[in-house]
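A.B. asks: Features from TrEMBL:
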COILED    62-89  coiled coil
DOMAIN    83-118  domain 'EF-hand'
TRANSMEM  36-57  transmembrane segment
Amino acid sequence: RQSFGSVPTALFSLFEVMNGNISIIDSISNSISGQLAFAVFMVLSNWTVLATLTSVVSENMMTSSQRASQEEEEKIKEARLKMRSQRLRDVFQKIDTDGDGILTEKEWHAVWASPTMRDEVTDAADIPQS
């Protein structure tokens, strides 16, 4: 009665039982109903702890997996951007017929006059064609 006199005391006593102090239940374990109640409590408590631990581990795994996916996506985006930048440099070097590193108005108009070159520039810049 002393270990289970009030709700807070009973909860603390059950906490102690869960941690191996079974001397608290000596008076209860003498009867079949007490043994059954204790067994049900232990099973439910263990399932609760197991479910909690499983949910924590699962949440951590999902978070880790999501973080890894985001990092992979960022790497892919970076690689695409580098490839696009290099392709644009290559295309503009090809367009720069005099090789001075500057596109003249004449060179620019020549690009837009040629459907092949226009397609190459818009494709390299990832610009939708209209």
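Yeah, the Cβs are placed from backbone N, Cα and C, and that goes for glycine too.
Could you give the neighbours, burial and distances for every feature on this list?
C.D. replies: Beyond its flanks by at least six residues, the coiled coil (62-89) meets 124-126 of its own chain at Cβ-Cβ distances under 8 Å.
Residues 14, 17-18, 25, 28-29 of the same chain lie 6+ residues outside the transmembrane segment (36-57) yet bring a C-beta within less than 8 angstroms of a C-beta in it.
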